[in-house]
Every structure is written in structure tokens, then in C-alpha cells.
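Asker: Grabbed the feature section from Swiss-Prot, which reads as follows:
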- 11-31: transmembrane segment (TRANSMEM)
- 40-60: transmembrane segment (TRANSMEM)
- 74-94: transmembrane segment (TRANSMEM)
- 98-118: transmembrane segment (TRANSMEM)
Amino acid sequence: MSVSTSSKNTLLSSIISGILSLVIFATLRFCADWFNGSQLNVLVGGYLFSWLFILSLTCVSNAEMLIFGPDFQAKLVPEILFCLSLTVAAAGIVHRVCATTSVLFSLVGLYFLNRISIKYYSTSVVPVDAPARKTAKKFK
């Protein structure tokens, strides 16, 4: 049984994004007191938690691609809402306002990820002109 290169890349990407999301959560949890310092610190925390969302979504999506096949795509209801609620809960542990700003930054990041994926992975259909039908001559 041989494993294809794309399967290896998907597995490696899933592992790396999972480890990085755990490292980000542990670091932000460890530095939770720093977020009480100023409003700018809270915004930075929300931005960093949005990276936690993106990395956890990458981990979950790549794991599902390994299980269900390479054509599987993450949908809004199960994957995106699960990762977003997980991120909001983790950010709420650190600071309540971090949870709110992380939702906003995560939605902006999700918008740009969607634009990038449409640009690189969508198949564009070339329109084919249908031959013109011959119409009967109209007599006046």
C-alpha cells in the first residue's frame, strides 16, 4: 500500500497546523494577564486567536480530506462553526473582549481564505458559443 504525495502533504499540513494551534493557545493562555493591560493588547489577542481559528480549521479540514478523500470541502455548519465556537470559547477564557474581536478577525480571515481558494482551486468553465440557428426567411 503506497501513500500518494498529496496524501502525505495533507497529513503533514494537518499535523503542523494542529501543533501550531496548540502552541498558540498555550502561549496566549500563559500570557493571559498581559491582555488586561490595554485595549491594544486585547485587539492583538483577538488577532492572534483568529490565527488559532484558521489553523484549527486547516487541521480539521485536512484530517477530513484524509478520511473522506481529496475532493472533500469544509462546509459552514459542521467544520467552520465548530472551529469558530472552539476559538471563541478559548478566547473567552483569556479575555471576554478577545472573544469578540477574534470573531471579527476570524470572519475577515475566512473571507480572504475563501477568495484565495476560489482563485486557485475553482475550475473555470470556458463558454462555448452555440452555432447560430438558421431561421426561415420571413415574407412580408
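Residue numbers in this text run from 1 along the chain shown.
Keep in mind that glycine also has a Cβ here, set from the backbone N, Cα and C atoms.
Remember, predicted model here, so these are calculated numbers, not experimental data.
I would like each feature placed in context: is it buried or exposed, what are its neighbours, and how far apart are things?
Answerer: Sequence-distant neighbours of the transmembrane segment (40-60) (same chain, 6+ residues past either end, Cβ-Cβ under 8 Å): 13-14, 17-18, 20-21, 24-25, 28, 34, 74, 79-80, 82-84, 86-87, 90-91, 94-95, 97-102, 104-106, 108-110, 113.
Counting residues 6+ beyond its ends, the transmembrane segment (98-118) has Cβ neighbours under 8 Å at 35, 42-43, 45-47, 49-54, 57, 80, 84, 87-89, 91-92 in the same chain.
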